[in-house]
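As recorded in TrEMBL:
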SIGNAL    1-22  signal peptide
DOMAIN    27-449  domain 'Glycoside hydrolase family 9'
ACT_SITE  His389  active site
ACT_SITE  Asp427  active site
ACT_SITE  Glu436  active site
Amino acid sequence: MRILKKYLPILLVLCLSATVLSQSSDYCSVLKEALTFYKMNRAGRLPDNDIPWRGDSALADSSPSGKKDANGDGDLSGGYFDAGDGVKFGLPMTYSMTMLGWAYTEYESKIDGCGLTGLFQDTIKYGTDWIIAAHTGDNEFAAQVGDGNLDHSYWGPPENMTMERPTFMISADEPGTEVACEAASALAAASIVFKSANADYAATCLEHAKTLYNFGDTHRGVYSDVVTNAKSFYNSWSGYKDELVWGAIWLYKATEDETYLTKAQEYYTEFGVGTMAQSNSHDWDLKAPGCALLLSKIASNSSAAADFESWLKFWQPGGGVTYTPGGLAWIREWGPARYAATSAFLASLAGTDDGTKFTKAQISYILGDNPNKQSFVVGIGPNAPINPHHRAAHHSTTNDINNPVNNLYLLKGALVGGPGSDDAFKDDRTNYISNEVATDYNAGFVGAVASLC
């Protein structure tokens, strides 16, 4: 049985990779697997056994003054590990929940038609529960749990972690506007998601969102100047101006309070956010493209509409972004597939034939419709990766990235980083630039796939 269990993921991949997914493929099935990936990255005491090879982990994670629950677990034990590691990086985690909330609010009927409402809401709530727990005071938030350097020197499943896991806080005296405002955005989006299904929870999310946004706006500062441990992993390259606009937009969408919309439009102009979006990606660091898109829709802002149109044109063939010979919009080396997938999600909301065409083309490429017949989603499509850079799925008990040779468990539904600009790709666990997976990678991918369901 041990031998069969060990090689079962490989056998599954061979069966699942027989054909290239086409436009008539079951996108609902892809969406389900892309959401299930988040279960594989859960931390804390797991509420189910849906992923039998994952167990309880990081149970002692806590805020500085946090109290233990009835099980003796720390108040920050839940949430999601960032990528193939065991750190809870606050900026990409909150961004991922905002993006999932955005996808849900835009494509709720399609998600429901796939029978995935429950899974989608549970995926969001597991993250937003942690965000609420991390908001330990009006002007306090846990921006990171775990030392990135200590964590990345360990190669083993999170259930076996023994290293020290410090908690890095932001406060009025040591502000982190990006994280505070992104957390506000995530909770504001969640309040919309749960407004009908769980009104009390929606109200709780919204109250925290308002307070967090006020914290970020009133006490301004670059979060990675305070949480210096994040600099090597998630440095704030773009600063916090885009998050101030982004957070105000989401609070307006959740409250319909014109004060937030006025602030969003004023900041958008004052900070030059439309210019920030140009020739760039929408990602964990930069939300300027999404700001332009949402303002063009909710405020009929002609300037923002022109900014978004210009941004989308850049991503289309001949617009400026590099294209691989096989057709992937390739903006940079590290994780190009996640940028293309997220751009595909935003393009799906453009309401134009060009936008829809771009979305279908990029997702088709990612799922294996390319010259090399290479999928970039674990377990789905032809030649699907089986060795993503992911400690839990590899499951080494010897702290050795090369032992075992193949990942012990299949991380099905996870989007890997992607190919080089020449379409070349090797399923190599040690290459984290092309083979790592992450919660933010899948967030944009989920939205794009949902649009096609």
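Any Cβ shown, glycine's included, is placed from N, Cα and C.
Bear in mind that the values here come from a model prediction, so they are computed numbers and not experimental data.
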Neighbour count (Cβ, 10 Å) for Asp427 (active site): 18
Listed in sequence order, residues with CB under 8 A of Glu436 (active site) and six or more positions away: Ala83, Gly84, Gly335, Pro388, His389, His390, Val416, Gly417
Number of Cβ atoms other than its own within 10 Å, given for His389 (active site): 27
